[in-house]
Amino acid sequence: MEGQSIELELSVMAMPELIDSTEAGHTAGVKTDSNPQAIAQDRRWTIDDSENLYRITGWGEPYFSINAAGHVTVSPQADHGGALDLYELVKGLRQRNIGLPLLLRFSDILADRINRLNAAFARGIARYRYPNTYRGVYPIKCNQHRHIVESLVRYGTPYNFGLEAGSKPELMIALAMLQPQENPEPDQQNQPLLICNGYKDREYIETALLARRLGHRPIIVVEQVAEVALAIEISSNLGIKPILGVRAKLSTQGMGRWGISTGDRAKFGLTIPEMLTAIEQLRRADMLDSLQLLHFHIGSQISSISVIKEAMTEASQIFVQLAKLGANMRYLDVGGGLGVDYDGSKTNFYASKNYNIQNYVNDVISAVQDACVAAEVPCPVLISESGRAIASHQSVLIFDVVATNDINPPLPKVKGKDHAILRNLMETWETITVDNYQEAYHDVEQFKTEAISLFNFGYLGLKERAKAEELYWACCRKILQICRQQEYVPDDLENLEVNLASIYYANMSVFQSAPDSWAIDQLFPIMPIHRLDEEPTQRGILADITCDSDGKIDQFIDLRDVKSVLELHPLIEVHQPGTPPRVEPYYLGMFLVGAYQEIMGNLHNLFGDINVVHIQMNPKGYQIEHLVRGDTIAEVLGYVQYDPEDLLENMRRYCEQAMEDKRMSLEEAQLLLENYERSLLQYTYLKPTSGIHTS
């Protein structure tokens, strides 16, 4: 549902700040106190404090950092090029009338991810003297958008990097995006591979086989036993010999949310008995030499290297046993699973990983080589489908805060003649200390319950209930300030931080731009992209602008943990004589969102695709490669079968009737129709306003 694609070549002034950063290793993180309250009161907040708080060094290396101005920077070429100030970049894009929310895609990061993966395999092959090569493929399902796939194919060309298709539509993309060889040799290895996964019908297999005539090298991976007979039949009819693979259901159990990708009840693949059945079918058809690849997948985002080691040991043994049964085994596709360190802890926490790319590669190579050497079987070409590790870092979601809601009411005055429950609450507030704060919390909880009961039975008026609630929250806030200074917080007070958190209303839809955050509680790094030289004194959660209580983010990264609030800055009000107060823009970034999020987003509340800007570095700074405008309201209405012209005509008719009945003036009708027609052509998200702050 992308909007119209507009390509721009706009060079702007460079900001050549160099960031010397390298890919993080796999050493375990050390717990440090990231609580802003722990910062000594007699010293100023620094960007080092922000780096520690938001853990940007952990999850952001080597691409993201903070500069001296307190702004997040991105180094798309890692340690080989300059850095861009994200805050200044967003300001420049807004001056070009590119509204928020927007997605920034950095194609140079894609290039760097491919370079790093291939370099790691090259080092591993050299270290172990592995007697074959590596041929990576990008699984299109991670992000199918055209500019992404085009960039990946372009940057992968020096490495003969191929594509993986998991469906018929993705096969159509792969066939048209990969450049076929003009005069391919039957056993040519130095060309991109096209791995054909997923469930297949006759047309899928026919198309894949005919692609060999074009000069492609498709490998049809059998996911179900029934596909073997179909492939044999179609191959015979077309007179084209296929390259076949089988996907194995490993007994090695994955981990995390995708652990069910393996095992006897996994959705995809063949069990060992089914593999033997497939081999016999191919043997009877005199096509056993067509079986050349073993594929497995133990799930996305594998956090522990031990799981990878176990899977590689099992898969390597299956590979050599297939070869001993007479299959012409030449390829081993280890699938996906190469993780992304979303929280920067470098541990086996589900939002992290306790290994780096080189660790992963070394374990893949050594396991395969050990098994093949022991069995005297030729070592295969190694294939991986590391989509998440390739695509995640290149996309950054930027959105603004349109309003906040704080629980910080003024302390009401309580007089001697007021109800006893109010006097009790005020007395509690006055006497809260570090020695009795837990007891005081229990007291105010009881008083609040009593106040509600008194109100429900008519013994307390509405104004008195309001006073009771204000006093209750004042007591809770005073208790929370004490809790923040303690090394240990009692269990019954742990929810205070959440209960008193501000709500920051974000101009975005979680369902459209971060669906995994809503659907599976995926953690993404989120932080302000500016004001990082200031202490973030607020604690908040994020609520999107959909009319859905699930449209919120209330889980944030911590060190091998999840925290329920995010440290944020108060909105800044600007007062000018003769004009309403204006709130300065406050921009937040959600990072590492380049895999799966865009394509899985939905139209909840009819919030459509957002603006996408492709940025590429050049000697002068950067240029906008592509601008893909987000959906307009008219476009989104069209997706759900409304004709905007019909809607506008209905509105004209209603206005005419209202004027005829003297319920509306001509000026009012014109204003309504102008607003309606103009709105149809506008972005589905909110325009910048003066901002709203409520307490």
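The backbone N, Cα and C atoms fix where each Cβ goes, and this holds for glycine too.
What Swiss-Prot records for this protein:
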BINDING   Leu332, Asp333, Val334, Gly335, Gly336, Gly337, Leu338, Gly339, Val340, Asp341, Tyr342  substrate binding site
MOD_RES   Lys141  N6-(pyridoxal phosphate)lysine
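Annotated features, which come from Swiss-Prot, shown on the structure.
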residue : record                         : DSSP (3 states)
Lys141  : N6-(pyridoxal phosphate)lysine : helix
Leu332  : substrate binding site         : strand
Leu338  : substrate binding site         : strand
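Less than 8 angstroms from the CB of the residue listed as 'N6-(pyridoxal phosphate)lysine' sit Gly166, Ser167, Glu170, Gly387, Tyr596, Ile599, each of them six or more residues away in the same chain. Applying an 8 A CB threshold to same-chain residues 6+ apart, the list for Gly336 (substrate binding site) reads Pro139, His297, Gly299, Ser300, Ser384, Glu385, Ser386, Gly387, Arg388.
Within 10 Å of the Cβ of Leu338 (substrate binding site) there are 26 other Cβ atoms, across all protein chains. Non-local contacts of Val334 (substrate binding site) by the CB criterion (under 8 A, 6+ apart in sequence, same chain) comprise Phe296, Ala311, Met312, Ala315, Val364, Leu382, Ile383, Ser384, Glu385. Taking every protein chain shown into account, Leu332, Val340 are the binding-site residues, and of these the Cβ with the most other Cβ atoms within 10 Å belongs to Leu332. When Cβ atoms from all protein chains are considered, those within 10 Å of Tyr342 (substrate binding site) total 23, not counting its own.
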